[in-house]
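As recorded in TrEMBL, the features of this protein are as follows:
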type: REGION; residues: 1-44; note: region 'Disordered'
type: TRANSMEM; residues: 140-159; note: transmembrane segment
type: TRANSMEM; residues: 171-193; note: transmembrane segment
type: TRANSMEM; residues: 205-225; note: transmembrane segment
type: TRANSMEM; residues: 231-251; note: transmembrane segment
type: TRANSMEM; residues: 272-291; note: transmembrane segment
């Protein structure tokens, strides 16, 4: 009787092959790690979540981020308060509220103040209207742009004379700023000594005194084009114009306050205020010539 052969049952899934010498660990990796293989195909598992997501999901991290945001907001508020204390940003916005129409009218007023009649500044609920609505209101846009243009024109004039250098151009800019600062300080001191109660602010003074740069630009440009004759003709016209402009503008700010206080027109204090107004207006042509005569040869 032939020997009976033992039939080996087929291996079921998950059971080891009896003829296999070593266990197959390839399937165990996928079962043990439970992660997908990396894109490189080396068998390394990829992370299920990024470090940023794990950091954000941490409650302690969320509290730290919230605390940091609150500190940043408090610091910004503190900086804004301190800046507004020393630099009135909200007030500066008023002086730059201009448009193209206002700039054109203001430049015409600076060159031809003889044709203008109404010099009163308009008010709305005890607050002066924005410059773009009133040509008589002071602004800082024209003085700032005129100062920058004056420095550029000075550099052009020095370059045409083969005298340009960064040091000389810097000296020109610093001299103009120094004279402007001295003017403002001298006027403020005079107003204090004369006990003048006026609504003129330091920014108003900077605006009014900065209008002279417009005439200085015109004089230097005409000097470059037509020589000394063009320079003296245009600068002379601009000097007379700025003198008239300052007289008619400042007298409403200084002398009108004296009239409102009941100071006699021919009183001693009123005479001093008039002399102060004349002195400020007369200083503009002198400075215009002093800061430009060496640029034209």
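Cβ coordinates are placed from backbone N, Cα and C, and glycine is handled just like the others.
Because TrEMBL annotations are produced automatically, they should be read as predictions rather than curated entries.
Computed from a predicted structure; not experimentally measured.
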Short question: which residues 6 or more past the ends of the transmembrane segment (140-159) have a Cβ under 8 Å from it?
92, 95-96, 98, 103, 106-107, 131, 165, 168-169, 172-173, 176, 203, 206-207, 209-211, 213-214, 216-217, 220-221, 223-224, 295-296
Maximum Cβ pairs under 8 Å to the transmembrane segment (231-251) - stretch from the list 171-193, 205-225, 272-291:
205-225
Are there residues at least six beyond either end of the transmembrane segment (171-193) with Cβ under 8 Å to its Cβ atoms? List them, or say none.
147, 150-151, 154-155, 158, 200, 202, 205-206, 209-210, 213, 254, 276, 280, 283, 287, 290-291
